[in-house]
Amino acid sequence: MATPVVGANLVPPTLEPPAEEKLDIEHAVVTDDPRKWSPARKTSILIAVSGAAVICGLGANLYNPAIAQIESDLHASSGDISWSISLYILILGDFPLVWSAFSEIYGRKKVYITSFGLGLIGCIVAALAKTTGVLIGMRVIQAAGASAVFAIGAATLADIYDPHVRGTMMGIYYSDSSSSAPLLGPALGPIIGGALTQAFDWRATLWFIVIFTGLCFVAFIFFQDTFRRERSLTYQNVLRRRLKERAAKGDNSRSGISILSHQTTVSTEAKLNDNEKVVAAFPDASTRGSSNVDVSTRGLERQSVPSTQTAAVVAKEIKQIKLSLRDVNPVGPVISVVSRPNNVCVLLTSALIFSFGYSVNYTCSRTLADKYGYDALKIGLVLLSYGMGSMFGSVLGGRWSDYVFRRSKARNGGVSYAEMRLESTFIMMVFLPPSSIAFGWLCQKHVHIAAICVFLFFSGFFAISIYASTLAYIVDANTGRSAPAVATNSAFRGTLAFIATEVAVPLQLAIGDGGLYTLWACLLILADFLVLLAWWKGGNWREKAEQKEAQNDS
């Protein structure tokens with residue numbers, strides 16, 4: 001009698017992988033594997049996603065040079081303007097939790113198109129706003145639409161690139177001028193915003209975003225989805241729950257076999273015959289020691305099946321299960337991510353670095369306008385220094401991250417684990433807090449603008465060099481949960497950036513730029529210690545969390 005593997009559904013024994021095959025959920029065999037697409041095809045996706053991600057940075061940074069004009073035109077207070085900026089940041093950070101949940105059920109493409117459409121509506125109404133209330137409300141809608149690419153952009157790259165090159169690609173995605181990424185917004189946004197405000201008015205900045213978003217909407221109609229449900233823990237867990245519901249109702253009684261396995265996370269499609277496909281599922285294979293584990297030797301549940309035809313019947317029943325809106329749950333995956341201490345350490349670090357960047361751009365804009373008497377265009381040119389530093393930091397930091405990862409792997413006998421990537425942040429950690437202090441006190445003393453530009457550049461460079469590695473780590477350390485992990489990262493940074501923006505002006509007025517950025521230096525030192533803690537203890541924490549999750553599933 002045949003003895004098939006029992007998993008998400010049944011497969012005849014002839015479809016089991018050979019003993020030497022190494023698989024985890026991230027490397028499950030799928031139809032039209034995005035990881036095996038040609039370099040040109042992958043590059044086109046990288047360019048498309050990176051270009052769309054510019055919307056995130058432009059939405060906030062086109063706006064900053066026009067603050068004074070908005071206050072005058074709409075008779076708005078500084079508090080109103082702070083709300084329009086901080087709420088945008090908050091929604092931009094937190095709403096990806098919703099988009100990522102949808103993308104793990106419906107795929108990436110549908111989410112991209114829906115979010116661009118929503119952002120387009122928000123931008124158009126905001127550009128026509130006559131009151132601050134309408135402007136603030138539409139900025140919220142605009143942020144909700146722009147936020148999707150912030151989270152699932154990184155997840156899309158995780159879909160198509162393996163870990164050993166992921167840091168470099170995350171760096172390019174996050175800031176390379178040749179592929180237009182999120183940090184291109186902070187780099188060019190102030191200049192474009194300043195020029196548009198000078199030539200027309202503040203509304204022109206929003207019409208510019210309308211045009212850009214519209215182009216992205218059209219482009220992504222032709223986007224080929226990179227999502228594969230076999231590689232999504234979220235999808236597999238939802239499917240397993242639905243299978244339990246069907247089993248409880250007796251829907252599989254005619255096959256007379258159990259089709260559920262609580263150990264299942266890794267799937268591989270294989271042909272049953274000319275007309276049927278089934279999914280062979282393998283146990284969870286996550287360990288700290290290696291990203292590739294021989295799943296054929298780890299506790300496969302087996303059960304006799306009357307015939308191959310019976311397995312086909314079961315597979316057909318499983319195929320009939322259609323996941324719907326009620327299966328979209330952003331809370332569960334997020335809880336899984338934040339329940340791991342290593343994730344929390346790195347998420348807080350990313351959030352502090354991101355908040356630091358928003359604080360720099362916001363307070364520097366005010367200082368340049370109030371103390372130096374600069375107009376919108378000049379402010380944009382000065383803030384370009386921070387954006388350019390961020391771009392160089394992201395690209396070079398991403399490459400450095402991959403180099404350190406490969407070097408550490410080689411020293412460890414070819415065995416890798418996610419925490420190796422954090423070693424690339426050690427050098428940058430030393431220089432970021434002093435750069436923050438220097439920038440603040442130079443602004444406080446109103447020295448020559450060239451000195452401020454230099455330390456704006458260094459602050460951006462060191463901050464985003466660290467961020468490039470922490471973002472790649474969040475993806476590497478959460479195999480099968482890349483979209484929820486990146487969305488949680490976005491929520492952490494959006495929430496802290498919201499707080500930082502709200503308190504920035506009161507603190508600036510109370511203790512000056514010098515005091516404010518000395519305080520920021522202390523917070524950045526705290527972020528350094530959190531990264532060191534994740535590097536030191538993260539592997540053990542992950543192993544314990546994975547064992548606990550396996551026990552809960554069994």
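Glycine residues also receive a Cβ, built from the backbone N, Cα and C atoms like all the rest.
According to TrEMBL, the domain 'Major facilitator superfamily (MFS) profile' annotation covers 45-539.
Positions annotated as transmembrane segment by TrEMBL: 45-63 (among others).
Per TrEMBL, the feature transmembrane segment maps to 83-102 (among others). When Cβ-Cβ distances below 8 Å are used as the criterion, the transmembrane segment (83-102) is approached by residues 56, 59-60, 63-64, 70, 110-111, 114-115, 132, 135-136, 139-140, 142-144, 146-148, 150-152, 155, 234, 328-330, 333-334, 358, 362, 483-484, 486-488, 490-495, 497-498, 501-502 of the same chain, each at least six residues removed from its ends.
Under the heading transmembrane segment, TrEMBL lists 111-129 (among others).
Here TrEMBL flags 141-161 (among others) as transmembrane segment. Beyond the ends of the transmembrane segment (141-161), by six or more residues, the same chain brings 34-35, 37, 42, 45-46, 49-50, 52-53, 55-56, 59, 87-97, 99-100, 103, 108, 111-112, 114-123, 125-126, 169-170, 173, 182, 209, 213, 226-228, 231, 471, 475, 482-483, 486-487, 490 to within a C-beta distance below 8 angstroms of the stretch.
Residues annotated as transmembrane segment in TrEMBL: 181-200 (among others).
Residues 45, 48, 51-52, 54-55, 58-59, 62, 108-109, 112-113, 116-117, 119-120, 123-124, 126-127, 142, 145-146, 192, 196 of the same chain sit 6 or more residues outside the transmembrane segment (206-223) yet have a Cβ under 8 Å from a Cβ within it. Marked as transmembrane segment by TrEMBL: 206-223 (among others).
Taken from TrEMBL, the feature transmembrane segment covers 344-361 (among others). Residues 60-61, 64, 89, 186, 190, 337-338, 383, 386, 390, 422, 436, 439, 456, 459-460, 463-464, 466-467, 470-471, 473-474, 477, 488-489, 492-493, 495-497, 499-501, 504, 516, 520, 523-524, 526-527, 530-531, 533-534, 538 of the same chain lie 6 or more positions beyond the ends of the transmembrane segment (344-361) yet place their CB under 8 Å from a CB of it.
If you look up TrEMBL, you'll see 381-401 (among others) marked as transmembrane segment.
The feature transmembrane segment is assigned by TrEMBL to 422-442 (among others). Remote same-chain partners of the transmembrane segment (422-442), defined as residues 6 or more beyond its termini with a Cβ less than 8 Å from a stretch Cβ, comprise 167, 346, 356, 360, 393, 397, 400-401, 403-405, 408, 451-452, 455-456, 458-459, 462-463, 465-466, 469-470, 473, 512-518, 520-522, 524-525, 528, 531, 534-535, 538.
If you look up TrEMBL, you'll see 448-474 (among others) marked as transmembrane segment.
Taking Cβ pairs closer than 8 Å, the transmembrane segment (494-511) reaches residues 78, 82, 85-87, 89-94, 351-352, 354-356, 358-359, 362-363, 366-367, 519 in its own chain, all 6 or more past its ends. The annotation transmembrane segment is assigned in TrEMBL to 494-511 (among others).
Look at TrEMBL and you will find 517-536 (among others) tagged as transmembrane segment. Tertiary neighbourhood of the transmembrane segment (517-536): same-chain residues 342, 345-346, 348-349, 352-353, 356, 359, 419, 422-423, 425, 429, 432-434, 436-437, 439-441, 443, 466, 470, 473, 507, 511, selected by CB-CB distance under 8 Å and a gap of 6+ residues from either end.
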